[in-house]
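Novice: Dumping the structure here so I can ask a few things about it.
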Amino acid sequence: MNVVTGEEMHQIDRYTIEEIGLKAELLMENAGLAFVSSILHLMNKKTAKIAVLIGVGNNGGDGFVISRSLLEKGYQVDVWLIPPVKKVKGTARYHMEVFKKCGYEFTSYEAITCEDLVRNLKGKTHVIDAMLGTGLVGPLRQPYKEIIEQVNQLECQIISVDLPSGLPANGNSCITDAIKASRTITLQCPKLGAYTFPSREYYGDLTIVDIGIPKLAIKQIDSERFLWTEENVACSLPVRKPSSHKGSHGKGLIIAGSRTMTGAPILTAKACHRLGAGLVTLALPDTIINTVASQLIESTFHLCPSVNGEINSLNLDDELMNRFDAIAVGPGLGRNNNGEFIETLLHDFDKPIVIDADGLFYLKDFLTILAKRKGTTILTPHLGEFAYLINEPIAKVEKNRFQVSRDFAVKYGVYLVLKGPYTVVTTPGGQQFINTSGNPSLAKGGSGDVLTGMVLALLMQQKDLQSAISNSIFLHGMAADYLISHEYSPLSVMASDLINIMPKVLNSIQNRYHKYR
Ligand SMILES: NC(=O)C1=CN([C@@H]2O[C@H](COP(=O)(O)OP(=O)(O)OC[C@H]3O[C@@H](n4cnc5c(N)ncnc54)[C@H](O)[C@@H]3O)[C@@H](O)[C@H]2O)[C@H](O)CC1
Ligand SMILES: [K+]
């Protein structure tokens, strides 16, 4: 599913109307009806008292369809038109006339004061926000500004049409005032701002509804951003052939751990086993082998000479190294050596390398070598690690996370996994895939180590690397979602719980595979 900017949505809209010939009035009708179908379950017809706030453009036009449809169904609805009536033009005007011809009335904000409106809204159970959509330009103007300030203080449910009014669709411009919705029903394509912070916090629960825009119209935009959903995962997870053997599922090497971080290699290796890797070898500082090996009976080990409890060199000759199909390096390495072995890996190993955590810290010194590397490289930084790697403040990276991660991935020719809520995977070609699973229980030490092991396992089993990476991220988030919907508190989910629940998560998604075929 494409994730679009406001401009791209208008482009899609134009193609649908002008080239395909689906009339704008029909699209607006579809939009209003799809919105209503998706909210009916939230409202009791006997007790719901609904207000619809209608703006000047097509978002407001959707509001007229929504109001008419709810009134036809017998709901109590008060309708408020915010701009002067004469300013409503085009398709929105058409639906305003249809609304009136059906015998319904609205109140014009022109004729009342903000206090009158607020007094009325205070008695409502639901306010539908159809004031401004993707056509917003610049900072919010009056009278929307004063209305939005008041609406945000109401205690009722606020449901936004397409996106919360006042919020820029693309997410990275400055937010002055915007509706803080309890729920947003987005039309056809999710907007970029829904996956950017702090913009996302204004959306509340997000539902995406189909309004009948043909796929061909969506294909016209040169879009490079997509959601990676359960359907994508179910359709692309590897299926084991009866004839397969352990060599068919990859021999992975994990370079991890130090004297003060013995848990990280255990988590990474266990997660890698759980996602089906054929063989997992753990390269560790020689001094911690007993502690780690006592917790890992499925892995094999390679001992590295250490200084101060951290790996000093890999002690792997080329032949030994090239027996592996892929390498993951970084979890719990520590930062007290010079990381020269990362440079060695980048030079000497031409198959996929996943670099995480302290591996990324060392990588900063070897970026020129990274740019020249022929083999596939996958970097999995969180926001802080990425900001360090590119020498920018965290806030700047957060605000422009799509742009900065794309610039980096293309410049260095890597797969970049920028972790966080809505983790973004950018391919070396610049395409971006946004993850839709997970919850704040993942914000805990160790969950990144688990993800690294999962990525290593799937990339050895799937031909398409982006699917392998995105699938690992989705399953990792889905494990956390599964736990909190099965009696775990988000406070108590631990990284090892993610690994332990993985068989059930995989089973549930594989069982749902038929749903998407
Ligand atoms: N995507 C689709 O195919 C469909 C979308 N629909 C809905 O249409 C809106 C987008 O409609 P548009 O008319 O382009 O924009 P708005 O409704 O957001 O209104 C723009 C209007 O608002 C005024 N305005 C702009 N900026 C400001 C500001 N900063 N402060 C105050 N006022 C502002 C100005 O007058 C503009 O002209 C989309 O979101 C969907 O809800 C269709 O109905 C169905 C097809
Ligand atoms: K809106």
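Placed from the backbone N, Cα and C atoms, the Cβ positions cover glycine too.
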Novice: If TrEMBL gives Asn59, Ser165 as binding K(+), which of Asp78, Asp129, Asp205 does it give for that site as well?
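Specialist: It is Asp129, as the record lists it for that site.
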Novice: Of Gly445, Gly446, Gly448, which one shares the AMP site with Lys419, Gly420, Pro421, Tyr422, Thr423 in TrEMBL?
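Specialist: Looking at Gly445, Gly446, Gly448, the one TrEMBL places in the AMP site next to Lys419, Gly420, Pro421, Tyr422, Thr423 is Gly448.
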Novice: How big is the Cα-to-Cα gap, in Å, between Gly448 (AMP binding site) and Gly61 ((6S)-NADPHX binding site)?
Specialist: 46
Novice: What does DSSP say about Thr134 ((6S)-NADPHX binding site): helix, strand or coil?
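Specialist: Coil, per DSSP.
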Novice: Can you list the residues of the same chain, besides Lys419, Gly420, Pro421, Tyr422, Thr423, Gly448, whose Cβ falls within 8 Å of the AMP site's Cβ centroid?
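Specialist: Apart from the listed residues, the neighbours are His382, Leu383, Leu418, Val424, Asn435, Gly438, Leu442, Ile473.
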Novice: I want the residues beyond Asn59, Asp129, Ser165 whose C-beta is within 8 angstroms of the mean position of the K(+) site's C-beta atoms, in chain order.
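Specialist: Near the K(+) site, beyond Asn59, Asp129, Ser165, sit Leu53, Gly55, Gly60, Gly63, Ala130, Met131, Leu132, Gly133, Ser160, Val161, Asp162, Leu163, Pro164, Gly166, Ile179.
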Novice: Given the binding-site residues Asn59, Asp129, Ser165, Gly332, Pro421, return the subset with CB under 6 A from an atom of ligand 2, ordered by sequence, or none if empty.
Specialist: Asn59, Asp129, Ser165
Novice: Which of these binding-site residues has the least crowded Cβ, counting other Cβ atoms within 10 Å: Gly61, Gly332, Pro421, Gly448?
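Specialist: The binding-site residues Gly61, Gly332, Pro421, Gly448 were compared, and Pro421 has the fewest Cβ atoms within 10 Å.
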Novice: Could you tally the C-beta atoms, other than its own, that fall within 10 angstroms of the C-beta of Asn58 ((6S)-NADPHX binding site)?
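Specialist: Result for Asn58 ((6S)-NADPHX binding site): 25 other Cβ atoms within 10 Å.
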Novice: Closest of the binding-site residues to Asp129 (K(+) binding site), Cα to Cα, picking from Gly332, Pro421, Thr423?
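Specialist: Comparing Cα positions, the candidate nearest Asp129 (K(+) binding site) turns out to be Pro421.
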